[in-house]
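Quick look at what Swiss-Prot annotates:
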type	residues	note
TRANSMEM	40-60	transmembrane segment
TRANSMEM	125-145	transmembrane segment
TRANSMEM	147-167	transmembrane segment
TRANSMEM	185-205	transmembrane segment
TRANSMEM	258-278	transmembrane segment
TRANSMEM	280-300	transmembrane segment
TRANSMEM	327-347	transmembrane segment
TRANSMEM	354-374	transmembrane segment
TRANSMEM	425-445	transmembrane segment
TRANSMEM	547-567	transmembrane segment
TRANSMEM	608-628	transmembrane segment
TRANSMEM	723-743	transmembrane segment
Amino acid sequence: MEHTYQYSWIIPFIPLPVPILLGVGLLLFPTATKNLRRMWTFLSIFLLSIVMIFSLYLSIQQIFLSCIHQNVWSWTINNEFSFEFGYFIDPLTSIMSILITTVGILVLIYSDNYMSHDQGYLRFFAYMGFFNTSMLGLVTSSNLIQVYFFWELVGMCSYLLIGFWFTRPIAANACQKAFVTNRVGDFGLLLGILGLYWITGSFEFQDLFEIFKNLILNNRVNLLFLTLCAFLLFVGPIAKSAQFPLHVWLPDAMEGPTPISALIHAATMVAAGIFLVARLLPLFIVIPSIMYIISLIGIITVLLGATLALAQKDIKRGLAYSTMSQLGYMMLALGMGSYRSALFHLITHAYSKALLFLGSGSIIHSMEAIVGYSPDKSQNMILMGGLTKHVPITKTAFLIGTLSLCGIPPLACFWSKDEILNDSLLFSPIFAIIACSTAGLTAFYMFRIYLLTFEGHLNTFFLNYSGKKSSSFYSLSLWGKEEEKKLNKNFGLVPLLTMNNTKRASFFCNKTYKISNNVRNQIFITVENFGLNTKTFYYPHESDNTILFPMLILLLFTLFIGAIGIPFNQEGIDFDILSKLFTPSINLLHKNSQNFVDWYEFLRNATFSVSIAFFGIFIAYCLYKPFYSSLLNLTLLNSFQKMNSKRIRWEKLINFVYNWSYNRGYIDAFFKTSLIESIRRLAKQTNFFDKRIIDGITNGVGITSFFVGEVTKYIGGSRISSYLFLYLSYVLIFLMILLFFYFEKF
């Protein structure tokens, strides 16, 4: 086994040959490299598979032997300072390596088909290989300097991949936004690292934790400065894991290709922040104020992400806010000291969210044949609906991922989220109420996404169907907002579900409208009627096998990965692999890690959390079941209809919810007004001061000297005697002034 650990340093560098060879090949042999492009995909998958097998072997060794291995090489710069670099293998490293490689392999297989028609196919796989290398280097780092180096590489790769289609202005702005926002966090992280080195004199994790703990226990350091350094360290993960208030880059990151969205949201960039907090938790845990700040940021992000996802129309953006909320759960768990629960949820959420993003990519892929290649249309859930019969495999996979994220047993996220909810009850009643309420919101907005996408009929079929200006709850249900302006009659993709008469379209109407059988039985969809073009397209179709295969594998992970953390405590049954891997683990809420929850308490807590999830699903089903469906709950709608006195107040609340979600909680607007506009005004004033004042002084001196010379030249008349006379006159005047001041002193 020791022999195996000696070669662990090679883990980050195994995927690296692909981007290097691709770069050299495209530079020296561009035609041959492009012709053999499928070979590069196979090589990328093969190399990442080697890393996965290696990581699995290390994890198995750690489960049975519970060992930590560190190997460090020292680079002496002078007698007083030496830089040490190496690798650190522990259970956290093994879990993250398995997560990165398994999700990465499936995303690479998926991308081979998804990006097959893109001109940047080889560039995409070069970026992906470098992304995997950077993330593997981050999780195997043995000190903070190495962490920061690979941390920056992860940020650079995300910048390149988010802006992969850089010719689109929206994508270019999105990658710049991600880059600038993460620079704020990275600057804080760098300051925190330097501050810790000033205090402890070491960058190594093992030495750092021991020295830090001794300084706290012996009261040999300024606690305020120590807290400041720890908080600055935490600023980096706030930005990288899209925590409030540095979360603003995450929704815009959806402008990159869908496989990148899956990788960023599941196993790489956003997971990097959670990983770093987990790695530094022995340091944070001795400062109670920092632990409370971590949990506070986490619970704010949990609620904010869920509320912002409520009325999103873009399927990828809705999933992005869902990721933000789930990352908040992980950060909350770490802030509560529940190390095991946080990492358990990181694992289960990664596979579930990767499944959902790859499923959304399959949906977008099928919709592009109908509405075109504009993300505003192909990703718009309002133009979807009725995809169940067209993409049944994608629908099944997406439904499993949705149910998992909702917390429905026995799927993956149920086990991990239930642990976090239970731990929040022990930590703070207020935090527990928010966390449980958000669990219901999660079920609501996830099933909203599912119902709008798969239930009913394909909404691009309908002509002259739209919610008009009215106090309509229904117009919010699908659109999220009532239209204030009149619709253009020539534009037919916007209208969705309006009536053919002059009556207002209301969600509270108890009349159903039957859809023409001619529409259902159409073989082709003519987009001519929608005012777009005269081409004819097919129905949505199921994706190819290379897209479906990764989704099915992720579906199996979503079904069974939760088993690694099921808390069995019966005699003769000990399947809790996760606790074995994290023995001894950090947990402030359960001091005795071997004392698992008994089945009665577990079932009681699980029943409560599942009830909340089912309540959210029920509300989503009632509000978002297709308006023309015979299964629509008209009794419920009539009960709302009778509450005429409260209806206006209720609709104002709904419009507020929509505006809050649509405007991203007004946080982007606040940053734009308070920061961006202020910086622009300051830049303009600085530019004015530089050009008019600074340059004016220097240019003024030059111009003055020029004119003085010209005047002197004119007076002198170009005669040497005149120049000599002027020179002597200047000297005489200078001497007179000097003598005047000299005699003035006496």
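Here the Cβ of each residue, glycine as well, is placed from N, Cα and C on the backbone.
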Counting Cβ pairs closer than 8 Å to the transmembrane segment (125-145), the top stretch among 40-60, 258-278, 327-347, 354-374, 547-567 is 258-278
Within this structure, do the transmembrane segment (354-374) and the transmembrane segment (547-567) have 3 or more Cβ pairs under 8 angstroms, counting pairs 6 or more apart in sequence? yes
Other same-chain positions with a Cβ less than 8 Å from the transmembrane segment (327-347) and lying at least 6 residues past its termini are 92, 95, 99, 237, 241-244, 270-271, 273-274, 277-278, 281, 285, 291-305, 412-413, 415-417, 419-420, 423-424, 426-427, 431, 435, 561, 564-565, 578-579, 582, 585-590, 593
- Any chance the transmembrane segment (258-278) and the transmembrane segment (185-205) are in contact, meaning at least three CB pairs closer than 8 A with a sequence separation of 6+? no
| task | Determine whether the transmembrane segment (280-300) and the transmembrane segment (147-167) share at least three Cβ pairs under 8 Å, counting only pairs 6 or more apart in sequence. | result | no
Spatial neighbours of the transmembrane segment (185-205) not adjacent in sequence (6+ beyond its ends, CB under 8 Å) are 72, 84, 88, 142-145, 148, 151-152, 155, 211-212, 215, 221, 225-226, 228-240, 246, 279
